[in-house]
Amino acid sequence: MQQILEHIVGIANDLLWSKLLIVLLLSFGIYFTFRLKFLQVRMLKEMVRVLREGAASRSKNSISPFQAFCISMAARVGTGNITGIAIAIALGGPGAIFWMWIIAIIGSASSFVESTLAQIYKVKDVNGFRGGPAYYMEKGLNKRWMGALFAVLITLSFGIVFNSVQSNTVSLAFENAFGTNRLTLGLILIAVFGTIIFGGVKRIAKLAESIVVVLAVLYIGVAFFVIFSNITQLPGVLALIVKNAFGFDQAAGGALGAALMQGVRRGIFSNEAGMGSAPNAAATATTSHPVKQGLIQAFGVLTDTLVICTSTAFIILFSDAYHTPGLSGIALTQASLSSHVGSWASGFLAILILLFGFCALIGNYYYGETNIGFLNKSKKLIFVYRIGVLAMIVFGCVAKVQLVWDLADLFMGLMVIVNLIAIFLLSKVVFTALKDYTRQKKAGKDPVFYKDVLKNHNGIECWPVSDTKTDTHNKQIS
């Protein structure tokens, strides 16, 4: 039965990832990049400023922009940054890293669009703000069926399949480092995680905020130590990445097509640009203008890939471990780091993976809960979902690595297709919001959003109409 499932999933992934999704992600990302006038470069300083502003704003009764950023980063900065990169290099060669950089740079524009839309079309309930692709598909496009389809896909993807990926990597890391029984670890994971997911969204936000920053800094610190210790190899490694990306150097076994496909796959799994996941976290923030959260989430994509994923890539490529046949995933990263700093690194990385993976479990779970709320407000359904999440965490701990990752790729691809269509159709709303933000910044103001700046503001619930009714036509930005 498992072999049949592996075969079906493999065929579906080949159809999705060989051409279709690569073309869609690159073409939409390039389109948004040009329409936003290379926002990811020209507004990089503003991204940092807005993030710092969000970190300074605190409220007991709402989720701050920085907390929303941390929820999304908790999902992004998971095992994909460590295990996914190793798989990309093993299957696609060093050139896969180059294509990950490209997809992150142009994908950050897609992330800006989807997260800004999530803020514009967010809704409010007793627990605070909620939103995401399902909500802007219903309220912006007036297509509830499309929102429902996406809600089902993201709930299955993140809450169910992606959480099994995280637990799978954690269990393998502990098995490699300490010989820990994988089922036992799975039971421990669900015991701890179960106490958290019954605690509500705000508890999730606070936990994510407290863990994710420390983990990222710790891992980057170790990576920088490795980089500076091997600084003389850096030019050669960079040259290897570029040559392999275009098929000029096949020594590592990665042809152009393999490098491109693996780079895009693992890049999207790690930074989630255009996938429609981060907008669910972006919508929860209390902010004065939707563009602010769009900028913060775009910065998250760049940070995740260009800093954290690249750190893993250098750890691997500075060693000879990636030449070892059959070595992939977390085992490759553990072997590579151990070659740099000693055998203790395997255990250190296992513990780090546990914490990284746990953060990702938190973010992934929240995405599913938000979209179940879109489908049905039933508390019983949420309870069933929580039990399903816990069951899949145990399944991931004992399942085969390849099947788990292949399932993740399949559901991720379906999500991307639905979301990209929606954000393309709604992109003019974002372009208008950005013009409004830029206009207010040039006037020396802290931008504040009013929904009547848009010609059509049907479906927008949480943003007020401007106080000044005079000359409304002139305030609208075409």
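Every residue gets a Cβ built from N, Cα and C, even glycine.
In Swiss-Prot this protein carries:
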- 14-34: transmembrane segment (TRANSMEM)
- 85-105: transmembrane segment (TRANSMEM)
- 145-165: transmembrane segment (TRANSMEM)
- 185-205: transmembrane segment (TRANSMEM)
- 211-231: transmembrane segment (TRANSMEM)
- 236-256: transmembrane segment (TRANSMEM)
- 298-318: transmembrane segment (TRANSMEM)
- 342-362: transmembrane segment (TRANSMEM)
- 381-401: transmembrane segment (TRANSMEM)
- 411-431: transmembrane segment (TRANSMEM)
Report the listed stretch (85-105, 211-231, 381-401, 411-431) having the maximum count of Cβ pairs within less than 8 Å of the transmembrane segment (342-362).
211-231
Does the transmembrane segment (411-431) make contact with the transmembrane segment (145-165) through 3 or more Cβ pairs under 8 Å, each pair 6 or more apart in sequence?
yes
For the transmembrane segment (298-318) and the transmembrane segment (145-165), decide whether they are in contact, meaning at least 3 CB pairs lie under 8 A, counting pairs 6 or more apart in sequence.
no
State the non-local partners of the transmembrane segment (145-165) in its own chain: residues 6+ outside its ends, Cβ under 8 Å from one of its Cβ atoms.
75, 79-80, 132-138, 276-277, 280, 360-361, 363-365, 367-369, 371-372, 374-375, 385, 388-389, 392-393, 395-396, 399, 404-405, 407-408, 411-412, 414-415, 418-419, 422
